[in-house]
């Protein structure tokens, strides 16, 4: 008999089909940490027919914006988002990478002004999809695709 | 208001307009004709890194047009850096001047300066990033001394760290240039730039008889892990008059300067050497750029 790993939520956002092991990074991208008010359930290495193993994140009582959720595509391109109201899915969509990104990532170029201490500067990136997904720093032009290593 | 941060800020018609204006301003740059277009305007030269040619040519350009210049040199800049960040420095100085020229060691500094400025900002070199005014004077030199459209050009030396080369190849793409790279493996142009602009790696001897221009940059000794490695490649990228025996009659040799030993002195006397003219062209081109950005701000 199938067993529910984590319980259903009444209202909020469910992020499904996250690549196994990436759920903590998803929380980081969404700015959810120990200081956040939301109730968060997290399941890792859940068996999945499509993916073998996957992670799931459920955020109770919070409706995250589509733009905010699309940032997840940087590290979990196959993730799906379910918006839940009264235990029912009212909206479902796949994440798509944003065209522009402010914050979240830091430029890997140590000589970039966006890494300068004491400057009131927010790193800005263009997100470009060619054969692979990569970010281009709007300040120094450095191109990179290793998003996980460069999360703020 | 518009700033000049990257050569990509300019369309081909913007570039043509600036080069045409520079052509017109040559007699003024030479001091043969007077012009007061910039009377009452102040240029702030903010050089957080040492510079001779770029800083002085901007200063001369502004003064030849009747304007005035205030300078912040690297020595003063280092004391500012102790107590004030770049954003605040720019906010303050943009209240003093009508246009700001900035050179900084950090890539993206000019763009960030522009975001914090109430007057136009011109990038005079940011780290290994962009140097658009050098590119414009390089294009001007090609147009006057060789040709710009469909030019065949060999870029020689340090193509990896040279910001002048990084800006130039992007502009050359607009002119359907055939670009050859002559450099050691370790100093090749960044891969993404090659992807963007094309071009091929060659030995200079193989294309010397075909090219219209050779653009030489200094191989920077400090980039090599040990001096022996540097010595191995340094000698192989020296332009001598012997190499030029097989060159086209009207081949030109360019160099953003300063030169160390990558072009021998005997080349200076040949008709191929245009690097001193190229340095002079910095004045009319920067005059044209000043006119353009002040016009943009109006």
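Numbers run from 1 along the shown chain.
Keep in mind that glycine also has a Cβ here, set from the backbone N, Cα and C atoms.
Where the annotation comes from TrEMBL, it is an automatic prediction and has not been curated.
Counting every protein chain shown, the number of other Cβ atoms lying within 10 Å of the Cβ of residue A:140 (Zn(2+) binding site) is 25. Residues or ranges marked as Zn(2+) binding site in TrEMBL: A:107, A:112, A:137, A:140.
Positions annotated as domain 'Aspartate carbamoyltransferase regulatory subunit N-terminal' by TrEMBL: A:4-95.
Among the features that TrEMBL reports, domain 'Aspartate carbamoyltransferase regulatory subunit C-terminal' is placed at A:101-146.
Here the domain 'Aspartate carbamoyltransferase regulatory subunit C-terminal' (A:101-146) has, by DSSP, the following mix of helix, strand and coil residues: 3 helix, 17 strand, 26 coil. Residues in the domain 'Aspartate carbamoyltransferase regulatory subunit N-terminal' (A:4-95) partition by DSSP class (helix H, G, I; strand E, B; coil) as 16 helix, 40 strand, 36 coil. Long-range C-beta contacts of residue A:137 (Zn(2+) binding site), restricted to its own chain and to partners at least six residues apart, with a cutoff below 8 Å, comprise A:107, A:109, A:112, A:114, A:123, A:124, A:125, A:143, A:144.
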